[in-house]
Structure formats: C-alpha cells, structure tokens
C-alpha cells in the first residue's frame, strides 16, 4: 500500500466507507475524495478492495487507501482498521456505514428474464419487487435473515463502537448510516416491533436488540407471517428499521456528533440487478451531502434521498 505523508494527512479530514469496493460505496469514496477528504475504502475482499482503489487512483483520486474490513469480525479486521487509522491519520472525522446485504436469495436467471420481459428502462420495472410472481423467485431462510441482521444492523454497531474513540478526536465527527425507505416504520407490520421502534423516547439499544431477537426466533420457528412480519423482505425491512432506531439512540447518546441515516433511493446496483430510479453516482450524492453537512448541521434524523423524512 503506498505511503502518504503523515503531516499532510493529519491536516485533511479522514473518512471510512464500509462496502466501498462497488456500487454506491465506490461512488461515495469517489465523491468524498473529490471533496478533498482522505478516504479509507474498506471491504471484506482484499483483491476487490485493492482493485477499487487502483481504479480510483487511475482517475486522479489519489487520496484513497484500502484497508480490509469484515463488519462481522470485530476482533480481527475491525481492530486492525482502528490501529491503522490511529497510526496513519491520528483521528477519524467521517464514518459512512454503507455495507449491507438483501437478506434473501434470488433465482437470478428467471429474475433477469422477468426484468427483460418488462423492459429494463420501463417505469414498471422498479415495481418488480412488489409483484407476487417476482417474490416467488426469492427465498428467505433463517440463515439468510441472520446474516442480514448481522451485517446490516450488528455490523454497523460493531464498526461504530470500535471507531468511536477515533471519531471523538475529531473537531466535527460525523456518522452516516446508509439505510432504506423500506425500513420506515410504516412497513414494520409486527405490532410489538412497531411499538418498540416507534417509541423514540424509550428507545435503547437493548430494546432494539429485542426486536432483532424476536424476528430471528420467528424465522427459526417459521412464524413470520403468523406473527405479522412483512410477508416479503422481513429481514431487510427489520434490519433497516433497527438501523434507523440505532441512529436515533446514538445521536442522543453522543450529542457532539452528527449522526444521521439516509436512504439513497432505489439505485441501479448489482444487488438490485440494475433496477432503480438512480445511478450509483446519484445515490451516493444523497449520502455525501449529509456527510458534508456544515458543522452546525442536524443530528438524529432520517433522510429519504435529499428530503427530511419521518422515521
């Protein structure tokens, strides 16, 4: 990994982006770099991460480095990342928690054929996930749900907790959690989960964890529909609803920080099979805008693209 002069770097703001090797994460890295910020691009796969950094450097984004990070591995890669940032940059100014998974598997060939039949550029294609015939091509299991919560919710918590001491050294620390409008409370259909997540004054990490445990228990016992969870995308919806709730808790806990969550929109990425209303570049702009709010900017809010939204 190429060295950077420490004296130069410490004068720059420093950002960590999780899941930065492709899609929205890659574009977030590019845009933060263009804003004069030193970017640590992280992802699980070393080869893909190094290739992403090389691609950015080849397009004149020199202030980007790679460090491996598995958001489900707090002992090894997270600790190593924290040590790297402390030694190299002395502090951390911006954390963008972007890494995430869908929580279900797809019969890819048949799904792509369905997209082709509808028309990739058709206005109708963005509604494909609502179609029962499309949902029949998708499978949700306990194992996939567990992975989804482990990455989308617990992964964010773990990364944030490990990097918090470095963020506290910043004059203007920011945490941006990349969420989804799918995680809005209006889509949380389990009554107990809605009651817990909707009570902002009583929210705690422990209460949010209760919702996660309830969901996983119902997945294991095949009681998802019986107990009123969403019939499709229950793990993803719940993971993002819990992420939004965690954002609120964290913002109250550390008022010196700007802590916000944002839905970048339905973005045309590999995870979405190219379906969306926005390009990855456009989706990333919604995230970067919040990461670069003025020092007196808001905290504890949810943004749907560029608009302030109710949780």
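From the backbone N, Cα and C atoms, a Cβ is placed for every residue, glycine too.
Cβ environment of residue 236 (active site, proton acceptor): 102, 103, 104, 148, 152, 180, 182 lie under 8 Å away, each six or more residues apart in the same chain. The active site, proton acceptor annotation in Swiss-Prot covers 236.
If you look up Swiss-Prot, you'll see 17-40 marked as NADP(+) binding site, on the strength of similarity to another entry. According to DSSP, residue 35 (NADP(+) binding site) sits in a coil region rather than a helix or strand.
Counting every protein chain shown, the number of other Cβ atoms lying within 10 Å of the Cβ of residue 180 (substrate binding site) is 24. Under the heading substrate binding site, Swiss-Prot lists 180.
In the three-state DSSP scheme, residue 26 (NADP(+) binding site) is classed as helix. Ranking the binding-site residues 20, 23 by the number of CB atoms within 10 A of their own CB puts 20 at the top.
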